[in-house]
Structures are given as structure tokens and as C-alpha cells.
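Asks: This is the structure I want to talk about, given as C-alpha cells.
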Amino acid sequence: MKVHNFSAGPCILPQVVFDKMAEACLNFNNSGTSILEISHRRKDAVEVIDNARALVKELMNVPATHDVLFMQGGASLQFPTVAYNLLTEGGKAAYLDSGKWAANAIKEAKRFGEINVVASSKEDNYNYVPKGYDIPTDVDYFHCTSNNTIFGTQMKEFPTTNAPLVCDMSSDILSKHVDVSKFGVIYAGAQKNMGPAGSAVAIVQKDLLGKTGRNIPDYLNYETHIKKESSFNTWPVIAIYGVMLNLQWLKEQGGVEAIAKVNTAKAEAMYAEIDRNGLFTGTANIEDRSQMNATFVLNNENIKAEFDAMLKEAGVVSLAGHRDVGGYRASMYNALPLESVQVLVEVMKQFEQKFG
Ligand code: PMP
């Protein structure tokens, strides 16, 4: 039976990525060796990371002022890394508290200096994106999270500020156009729209670095990875190979602009059904709804087992909400076909006919 995978991450990737990764595990590029047993410094491995970097630059139109780094430790290690690299000794940074990951980024940054939380939607269970806040002028940077994976909200625009803009784009990178030149640092854990888990990408404006006066551990210093072209230490060859294949697939789809149209169509179909169907309620503020993660609840919990059984029957998997919030969450990353959303919508309609 065909499975429709709505997992929030690691998530569905294009079938061609799975096929080529599987092949590479047995015989990488017809070399007679598995991709799992080769040096990250072997020529064909270096080509993988070079291609992956070039594809990020091309697909996101990264200007020459910025570099693209592949690091490990996921987005979580980027939280302190950003502060290490940009927050001066005795300096201040501004953060927007728009979700659990934003709060985690704040927690880590507080180890490095004074953090000014410009606004927070915590009191309302993070169901909206705060707006209309002021960003102080004396901060080293302003940090925000473009997509709130858990609560299903997404920033539709970014504030204008004279401070460098730093953004955690873990759950919506490459899903729509962003003007990279407006950002000091963009980072993301790979395991949604970039590829499989195992790496994080950081897109860094080079002239912001080297100014904190801190003694930064080599691995956490962006300058190390710029100088060593992301090969300072052993990088996960199979994971970056997956990123490269996934980016090649995205390019073949027509790139970010083309996939953005598909993402909009999926989100519209999903939210139209959530709003139409009397048995469900969307949990995020309508104007802030995420195109990547649609969160909703079943109004009558007593019929949950019946809905879950119908989902299973239709091959819809991983629709449960985050363990902290419950309910349902339809994650609709780039590789999820529109057809999967249509199957889910059909199940919701049939469920309404039976129980509505
Ligand atoms: N930021 C956001 C927006 C996320 O969605 C996640 C994980 N889902 C993280 C950070 C943490 O990422 P990682 O697991 O790669 O550390």
C-alpha cells in the first residue's frame, strides 16, 4: 500500500534520493566501494560536498558576501554557535520568542551575554507570530525562527533592522524564495527540506565574523569552516550525499520558485478542509499559519480512535502532533506530493460523513 508520510522531520524525501542513496551504500559511483567506507577526502567525496554547496548557492541565490557551511550538531548546536560568533564580550542580542525552538535558542544565547526578548507569544501557547515590536539599535544581532515547526506558525515577513538578521530556517528553508542578502546568518538542521538528518547548513555573511573578542573553540568557529571548506573534520559523507541528491531533485523541479507554488497549493488544500470540516479546528492564528506544518485538533476526542483507524487504512502516517502539544500536525515539506494532501483531505471528508 502507498504510504503518505506527514512526518515533521526527519521527513519524506524524493524517491530518487532513497534509490540513489541505497545504490551508493552498495557501490558508490561504480567505484566498487560503499559510500560508507570511503574517506571524506577522497576526490569523489569532495565532489559531493562541493556540489551540495554549489547547489545551495544556486538555489538560494547566495551572494558572494556569504558562504555556505555544512556542520554537525543539527540546528541545536547552531544556537550557541551563533552567539559565540556574533555576540561580543559584554554585548547584547535581541531575540524573538515565537516557539519552543526559539526559546531554546534564547536559552543557549543567555550563556553568552544579555538577551533582550523583544516579544513573545508563549502566553498564548505560541499560536501566533508576534509583530509590531521594536528591535533595539545597540544589539549585535536580531534572532528569529522563520517557521515554528511544533505550533504551526510561520513568519510571512521579516522585520527591518540595522542589526544583522539571524534566522533559524530549519523547517522552511528552500520552501520559498528568501533574499539571503538581507540576512547575517541563516541556519537549518538538514532533516526537512535539505535532506536526511546528520548535518546542518549555515549561510554566513563573512564580514560579520572575527569581531566578538571571544576565544572560540575551532569547531564552533564559522571562520574555521569557511577556511577549510567544511572539511575541518570528518563530515558525514552519506548524509551530505543525500543533501546533494535532494538539491539536484529540487533543481529539476524548477527550483525554489516552482516548489513554492506546489507548497502553496498543498497548504491551501489542507487549511480549506480544516476550516470547512466541522469536526476539526486549526490551532494557529489564521494569518500566521505555516505552509509547512498545519496543526489542528479533533473537536471530539471520543472519536479519535475511529479517525486514527481511517488514517491507517488510507496509509496516512506520522500525523500525530508534537508530544508537547498533542492533536494533529500535517507536515507538508517539499517532497510531499499534493496527492498525499488530497488523500488526507478525503479521509477527513469521509470521517465527517460518518461521524459529523
Ligand atoms: N529549530 C527548528 C525550527 C526545528 O524545527 C528544530 C527541529 N525540529 C530544531 C531547531 C532543532 O534541530 P536539530 O534537531 O537539528 O538540532
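Cβ atoms here come from the backbone N, Cα and C positions, even for glycine.
TrEMBL entries are annotated by machine, without manual review.
Just lifted these from TrEMBL, have a look:
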BINDING   Arg41  L-glutamate binding site
BINDING   Ala75, Ser76, Trp101, Thr149, Asp168, Gln191, Asn233, Thr234  pyridoxal 5'-phosphate binding site
DOMAIN    4-344  domain 'Aminotransferase class V'
MOD_RES   Lys192  N6-(pyridoxal phosphate)lysine
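Could you tell me the structural context for the features on the list?
Replies: Counting Cβ atoms from all protein chains shown, Arg41 (L-glutamate binding site) has 9 others lying within 10 Å of its own Cβ.
According to DSSP, Gln191 (pyridoxal 5'-phosphate binding site) is assigned to coil rather than to any helix or strand. Gln191 (pyridoxal 5'-phosphate binding site) has a Cβ environment of 26 other Cβ atoms inside 10 Å.
For Lys192 (N6-(pyridoxal phosphate)lysine), other Cβ atoms within 10 Å of its Cβ number 31.
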Asks: Tell me the Cβ contacts of Trp101 (pyridoxal 5'-phosphate binding site) under 8 Å, same chain only and six or more apart in sequence, or just say none.
Replies: Ala75, Thr145, Asn148, Thr149, Ile150, Asp168, Ser170
Asks: Among the binding-site residues listed here, Ser76, Thr149, Asn233, Thr234, whose Cβ has the fewest other Cβ atoms inside 10 Å?
Replies: Thr234
Asks: Would you please pick out, from the binding-site residues Ala75, Asp168, the one with the fewest other Cβ atoms within 10 Å of its Cβ?
Replies: Ala75
Asks: Using a 6 Å cut-off on Cβ distance, which of the binding-site residues Arg41, Ala75, Trp101, Asp168, Asn233 come close to any atom of ligand 1?
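Replies: Ala75, Trp101, Asp168, in sequence order.
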Asks: Looking only at the domain 'Aminotransferase class V' (4-344), what is the mean pLDDT?
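Replies: Across the residues of the domain 'Aminotransferase class V' (4-344) the model's pLDDT averages 98 on the 0 to 100 scale.
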